[in-house]
Each structure stands twice: as structure tokens, then as C-alpha cells.
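Participant: Let me give you the structure first, and then I'll get to my questions.
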Amino acid sequence: MNAPEPVQGKPRKRYDAGVMKYKEMGYWDADYEPKDTDLLALFRITPQDGVDPVEAAAAVAGESSTATWTVVWTDRLTACDMYRAKAYRVDPVPNNPEQFFCYVAYDLSLFEEGSIANLTASIIGNVFSFKPIKAARLEDMRFPVAYVKTFAGPSTGIIVERERLDKFGRPLLGATTKPKLGLSGRNYGRVVYEGLKGGLDFMKDDENINSQPFMHWRDRFLFVMDAVNKASAATGEVKGSYLNVTAGTMEEMYRRAEFAKSLGSVIIMVDLIVGWTCIQSMSNWCRQNDMILHLHRAGHGTYTRQKNHGVSFRVIAKWLRLAGVDHMHTGTAVGKLEGDPLTVQGYYNVCRDAYTRTDLTRGLFFDQDWASLRKVMPVASGGIHAGQMHQLISLFGDDVVLQFGGGTIGHPQGIQAGATANRVALEAMVLARNEGRDILNEGPEILRDAARWCGPLRAALDTWGDITFNYTPTDTSDFVPTASVA
């Protein structure tokens, strides 16, 4: 956008009518020192050819706070110097001369307390379609403690969940029922029973199983909870199955959640695509009803995967922790879905840290104090199997749910054998780690030793032991070690 030239050499004043450059309207301040109470955002921007990156950064700050395309006299009726967002730093992205990192500070008073919907309406509501910018991606955010404290956060959290399940010192195990569409309620319940009886802690609905002609939601809930209760009685362990309450209206979702509660379920599930207001509402319901809330990140790849445009999943994970989910899918790094190992570990930091430290190699550009919000249990799911157990535990530690869907239900000896294979592999690896062995390097040997005494594990390793998904990740961390303000 080209601003008019000054008339007869006279400099334009801030509130003269007409179009001005954003950086001249106060949306760029290279000397600005962010305050502890500022909300900070890092954008990756690709300006149009010929557009000054500083002007592009100022435009992002302006269009995500108080600016419009022309000077408006009503600015003078506000405390506009405070309400203007301020771009304060621009760095070139390494090895990409067209892209720039721009840092923007927002005054806390610009945002409604405890509302992710309001936050996202400002930060991503308008700037991503702004013509002077070819592409924009929200890479990271820092929330001030005062803002974090306006959110309730997870209703259960990792510690309380483990206490309810009475399971400590190891990752939890789960599986998604497959095929995810087409089973009758009775057959669906049978799959759940076999998986839980074989040694899994959880079974799970997939993202698109709701209430279809082949299986009404009420039938699924009834057969699943019958399976959960029978498996719990048979094993002496607390078991659960994520019942997906996603529906077309909020009222229907509450109705399904209430029915799940009446059947004794300990956990329900919603999809990311239901939206932020719905997610926060279901979190509040779970808090009031002592339920765990699992979040399936359905649809996230439409805006998180591309490196030059969209929203990084680390930002989505931060919003979800504020919104109050107890579980969220965060990637596997070794499975079938997109995920650079270091970047994925950064997502796990966001879920589990009390205080997240800046770590540029993991894509974490800001320190974040979580102000005593409970921690989210990350979930690794998608194309993983027992032969990768050493890699998964080395990458993610104990506080994670490892979900083996096809790696359980596709077992050549049946579903219960698949679950047993995963449980034995997990127990063997945790034991070896606790004995001080190098499980990352000795993992295959540890698994083969355990398989000598476990036929299901031996069959799993013979079937999938050499299966890997070695593709180059599209979303990796870029960073600038030192500032180079334009």
C-alpha cells in the first residue's frame, strides 16, 4: 500500500486525513521494550515484492489491533498510544530471503478475559488475508501471567488423572477403534473389550464417528461402556474409552456428555473443529462433573502444516491448554503423520511444563509461565507400533498416552494379542530404562528378548518391526540466534 507523498515538503501529522504508512502511525517502534504484562506474538511474514518488511510488520501489528486502511479521527477518542499493537523487531528467516520473523507486542487490555475466541479474532482474524503480505504464519505466542490466570485450564491434568486411574511410572496405552466407520454397536463394543482386556488403558472413538446410520451414538455408548466395565472387572484395572460427544449443536453435545456420565464413563472427547467457545464450554462441564476431556486435533493440518502460512501447532497447543483440555494429540515424530522430532518435543513442552523456557531448536521463541495451570497429557497417535517403543519412550518420557490403533487391531493373532504385545513391549522397555540401560540404542535387542517369552510381541515385531515412515518434515524450526532489526 503506497501512502501519498507530503505536500510541498511538509511532513504529515499523525492525524491528518488520508492514507499513512503503518510504521508512521505508531505501529512500529524499534526501541520498544516489551512489558511483563504484554501479550507477545511472533509472525513469519512474506511481504509482497517491493514491500518494506518493517512496513509489513507494522501492518500486521496495526491490522491485528486498532488500525484500518486510512486515518480515522475517532482514534483521538481512545487511549490509542496504549491500544496500538507495536511491532518492535524484524529478523530475516535463515536461508529464506523472502521471509521475516516479526515480533509484535499487544497491551493486555485489548483482550477479553478467559476467551480464546476473542484472542483469536484479534491475532488471526484479519491479517492473514492482507494484500501487502503474500503469506503469514503465527509461529509462537507469550501470554502474561495476569492473562493466563483468567483461564481455568485443564479440569483434571496429568497428576489427578493418574490418581484416578491408579497408574504411575509408565506411559499410558491406548488404541483407536478401527475401522473407524462402518461397525455396528455390538461389534464396536467387542473391539473395545478385546483391546482393554489385552492390556490397554484406554480405547478411543475416532474423529468422525458421531451418530451415523450404521451406529447411533447411544448404541455405541451403551456397548462401549459395557465393554469397559467387563474389561475392568476381568483385569482389576481402571479402564476407559474416549466417547466422542461431538455433534451439530452445543445442546446435543451436552446431552451426549450427560449420557456418558450416567453410564459411568471417566472420559469424553471432542474434536478441534467444534471451535474454541465449544471447547471451553465442554471443559467447564467436565470440571463440574469430574470428567477427563480428550481433544482430537481433527482438521489442524489445514492451517498448521504449511511452513509459510497458517498457525503453528505450538500456538494451537498453548490455546488448548488455556481452553482447558486434559488430553491432546501432539504427534509422534516416528509415525505416519507430519512431525519433526525437535518440533514435536516442543509441543510436549507446551503441554507439560510449569514454566516453558525459550528453546529455538524446538521452535519455542518465548519463555512462558503457566501460572500453576494444570498440565495436559499429550497423546502420540498415528502409525506407531510395538517395534518403536524404545523410540517413543526416549522421545516423550512417561507422561504421554501412546495410542496404537492399527498397531493393535491389525495384529495377526487378533485384537487382544495386539494389546498384549504393546503392553509387554512397554513394560519391558520401562524395566530396562529403570535398570539404567540405554533403551534408545539397545531397544531392538530388549524387545527381541521380551518377545522370546511373549508370542504376541514376537508376532508384532515380525509383522511391523521394519516399518518406518521416513519422509522429510515440512515444519521444522528456523531461528535467528541474534537479533538483526531491520
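Every residue gets a Cβ built from N, Cα and C, even glycine.
According to Swiss-Prot, the record shows the following:
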{"type": "ACT_SITE", "residues": "K178", "note": "active site, proton acceptor"}
{"type": "ACT_SITE", "residues": "H296", "note": "active site, proton acceptor"}
{"type": "BINDING", "residues": "N126, T176, K180, R297, H329, S381", "note": "substrate binding site"}
{"type": "BINDING", "residues": "K204, D206, E207", "note": "Mg(2+) binding site"}
{"type": "MOD_RES", "residues": "K204", "note": "N6-carboxylysine"}
{"type": "SITE", "residues": "K336", "note": "site 'Transition state stabilizer'"}
Participant: So, three-state DSSP: helix, strand or coil for K180 (substrate binding site)?
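Facilitator: Going by the DSSP assignment, K180 (substrate binding site) belongs to neither helix nor strand, so it counts as coil.
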Participant: If we check Cα distances from K178 (active site, proton acceptor), which of the binding-site residues D206, R297, H329, S381 wins as closest?
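Facilitator: Closest by Cα: D206.
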Participant: Test of understanding: give the count of other CB atoms lying within 10 angstroms of the CB of H329 (substrate binding site).
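Facilitator: 24, counting other Cβ atoms within 10 Å of H329 (substrate binding site).
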Participant: K178, H296, R297: which of these recorded positions has the sparsest Cβ neighbourhood within 10 Å?
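Facilitator: If we count Cβ atoms within 10 Å for the recorded positions K178, H296, R297, the smallest count is at K178.
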Participant: Looking at the binding-site residues K180, K204, which sits with the largest number of other Cβ atoms within 10 Å of its Cβ?
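Facilitator: Within the set of binding-site residues, the most crowded position is K204.
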Participant: Checking the recorded positions K204, D206, H296, which are within 10 Å of T176 (substrate binding site) at the Cα level?
Facilitator: K204, D206
Participant: Return the maximum Cα to Cα distance in Å (whole number) over the record's substrate-binding residues: N126, T176, K180, R297, H329, S381.
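Facilitator: Farthest-apart Cα atoms in N126, T176, K180, R297, H329, S381 are separated by 37 Å.
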Participant: Near H296 (active site, proton acceptor), which of the binding-site residues K180, D206, E207 can be found within 10 Å, Cα to Cα?
Facilitator: D206, E207
Participant: Among all protein chains shown, how many Cβ atoms are found within 10 Å of the Cβ of S381 (substrate binding site), not counting that one?
Facilitator: 25
Participant: By the DSSP assignment reduced to helix, strand and coil, which category contains K204 (Mg(2+) binding site)?
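Facilitator: Strand, per DSSP.
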Participant: Which number gives the other C-beta atoms within 10 angstroms of the C-beta of D206 (Mg(2+) binding site), all protein chains shown included?
Facilitator: 19
